Amino acid sequence: ETQKIPTEEVQLEIYLSNGQKVKVNILTSDQTEDVLELDLPMSWWILQPLSWFRRGGMGGCTYVRKLQEFELPYVSITSLHSPDYRIILRKSYWDTAYDSDVMEDRVGLNLLYAQTVSDIERGWILVNKEQHRQLKSLQEKGSKKEFIRLAQTLKYYGYIKFDPCITDFPEKGCHVIVGAGNNELNFHVKLPSDQMKEGSFKVTRMRCWRVTSSQVPVANGTANPSSSSKCDVKLELAFEYLMSKDRLQWVTITSPQAIMMSICLQSMVDELMVKKSGGSIKKQMQKKRQNGSFQRSDSQQAVKSPPLLDSPDPSREQVVKLSTKLSSVSLRGLSSSNSASDISSNDFHGNYSFEGIGDDDL
């Protein structure tokens, strides 16, 4: 209503990790969970979210945030009024054990394979020359499952990498590349002395975290900062971490992706809590669906089916489910370039463990 978008049938473009896209026929009032009603195994269906990402230079992309289940993807993406923002389909679970369930389905296997290839090519997963040769050999044989299983053994498999930002650890003003995965935040830090260090902060040792925003005036040449100058929003993620026994310390990350980082932390904690209680995400989502939380209520049906759509034109093209669209997507293989050589030129790559960071739970 705020955007004054009428309820009607439209095409929503959804991108895959490898840059390919599918067009899905939906209603403008369809929520994220409606768009994701796929004919896939439950573990894949519910653990596969839609996320915004913003295109960058040199073919790069920046993940902005995850779309919520109640959100209207079409309204959200069109209200941005920018072609640089797109919706991408990507897995959101962190435990690689769920990959086995996903790979039982042909479409799930293809999507996971495409995401893995994409992560390797963009340097999110570290691969040396020998590993790259083995992966290439598996590709040539068409062994997608074996390809994914080998990739699971590689460093940073399943991680999301964020854009370079600023942190106050281990020193203020340090440039850092943050990765989220394996129930941790991984730091590749460039110190003011140009020394490179690497370390990880386990989510089980974080007592709490917070996201804050502040207005930062944009320099306009005036001496008065209170003048009617434009302001940028500065986002910060800060978490209190158990560095050693009886010693907690706040660590701050200044990044436009602070909210996305926070969502990653929360989803890691949620997944750990489900496992700790003896349950599984798959069973939890099956129960949720059986209870009808994923079924449209009568009132929703009334809102989502305006008079124009109550009696559809027989000549109207039948709505094709997303899973059908995905089954026809072609997959490309690894490029001939060695991702390990690409990563080695990264200023933030190094071998270092921060002192006092262990695996003990709080």
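Quick reminder: no glycine exception, Cβ is built from N, Cα and C everywhere.
The feature domain 'Sortin nexin 17/31 FERM' is assigned by TrEMBL to 10-94, 95-155. The domain 'Sorting nexin-17/31 FERM' annotation in TrEMBL covers 158-273. Per TrEMBL, the feature region 'Disordered' maps to 280-362. The compositional bias 'Polar residues' feature in TrEMBL is assigned to 291-303. Under the heading compositional bias 'Low complexity', TrEMBL lists 320-347.
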Q) DSSP helix, strand and coil counts for the domain 'Sorting nexin-17/31 FERM' (158-273)? A) 19 helix, 61 strand, 36 coil
Q. What mean pLDDT does the predicted model reach across the domain 'Sortin nexin 17/31 FERM' (10-94)?
A. 74
Q: May I have the DSSP-based helix, strand and coil counts for the residues of the domain 'Sortin nexin 17/31 FERM' (95-155)?
A: 45 helix, 0 strand, 16 coil
